[in-house]
Amino acid sequence: MNEFENKKIGIVGFGRSGQNVAKILKARGAKVFISENKSMNKEQLKIIADYKLDFEIGHSDQLLSNEIIVISPGVDNKIDIIKKAKLLKIPLFSEIEIASRFLKNKIIAITGTNGKSTTAFLTYQLLKMNGKKAYLGGNISPGKSLSEIVIENPPKDAIITVEISSFQLENISKFSPNIGIITSISDDHLDRYNSFQEYLNTKLKLLKSIKKDGFKILNYDNQFLKNQVEPNTFFVSIKEEIENGGYLKGDKIFLKIFGKELVYDTQYFKLIGVHNRQNLIFALISTFLISDKELKIKPTDLSQLKGMEHRLEFVGEVKNKKIYNNSMCTNPEAFRVSLKSLGKEQIVILGGRNKNFDFESIVGTIKECALSVILIGEVKDLLKEKLIQEGYSKFYLANSLEEAVKISLEIPEGKVVNFSPGFSSFDMFKNFIERGNKFKEIVKKYERSV
């Protein structure tokens, strides 16, 4: 018998995470009720039928008859039905909270405003290079939700690396990874949180959840993280030498952990940008710590590491312009890092849905790094106004992504086209993956026609 058998459990949101947590709970004897606010597609309805799940469209008070409520990552804790559940003191869990209770594996949990996905993917690859069985979880490709990994029944000696958003951290209680990493903290999701402090506190919940004999790895260069000094905490810096963790000096990475010192030459590492060297340091330290403080990885092995789709992904070359897809870029800091990585001969396509950012940072980055910009999405007119106020006139407006690519290739100057939206995708696309795939599809048409 397990703790969820015969329990009435409501799941709010029936996307990827909701579907898979429903499967594992139903398989373990729970009475599952689905509450979805949107109409369901054929795939969702098939799962409902196959698993004999009760469901509703629209969040009604029927949800409140459950003993536990699982909240999918895309569902805001502040919607009315969740507020009612809190008043009734119904336990609220995230998908990772439920899934982790069915896993006996060591877990590396990675969060952060930027860098978490690439760090997770690099860690997953390094673990396999280091001779470990490895699984990758999270809202990333080729990752899976933690519930999907439970369904696959991984061997107990496999190590699971999981990328975790602030949304997933909102409703954890017993989730307890062996290693917790916070790659960065900066403004993001201010459309969901009442303040930056609320967002920061949600991210820091990960540090309180680590196992007693576990480890924390934090960004020393981040003002909100460098003072989080606790036992078994290691730091990462790309700006200065540190004694307890890893740092970048020139082209070399130095690791100083438990009296051991390891050096890796990054000339073998193919990913663009100093931020990716920072991600690599996080991944090397976590692999070392969870592998009984041993790394079998040679510096030359770094050449085998691959980057992620939609993260400064080289798409092709058209009309002597190198074209990059950075659709994952959804906030000002990611935008700044992206533009800094590709030099000053770049034309930038940006825009999307506003998340209540301060535009000053984005406009400043544009003025410093971009030859010209093409504005798209809901935010384009507001961006135009801000650029005019700052005396920047090299901008174009486009009504679609297709038009934006067309304009970028017609501009005579520039050696790079950088698709770094800087905003979320939900005004025009289902998610950043669909947005990035559409961009690549458009570019490939131009490649074939040249």
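Each residue, glycine too, has its Cβ placed from N, Cα and C.
Counting only same-chain residues six or more apart in sequence, the Cβ atoms lying under 8 angstroms from the Cβ of Thr118 (ATP binding site) belong to Leu271, Asn276, Asn279, Gly307, Met308, Arg311. Positions annotated as ATP binding site by TrEMBL: Gly112, Thr113, Asn114, Gly115, Lys116, Ser117, Thr118.
Among the features that TrEMBL reports, domain 'Mur ligase central' is placed at 110-285.
Summarising the annotation, TrEMBL assigns domain 'Mur ligase C-terminal' to 310-419.
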PLDDT averaged over the residues of the domain 'Mur ligase central' (110-285): 93
Asn114 (ATP binding site), number of other Cβ atoms within 10 Å: 27
Same chain, 6+ residues apart, C-beta under 8 Å of the C-beta of Lys116 (ATP binding site), given in sequence order: Ile110, Gly138, Glu163, Ile164, Ile181, Thr183
Output field, ATP shell: CB within 8 Å of site CB centroid, site Gly112, Thr113, Asn114, Gly115, Lys116, Ser117, Thr118 dropped: Ile110, Thr119, Glu163, Thr183, Ser184, Asn279
Thr113 (ATP binding site), number of other Cβ atoms within 10 Å: 24
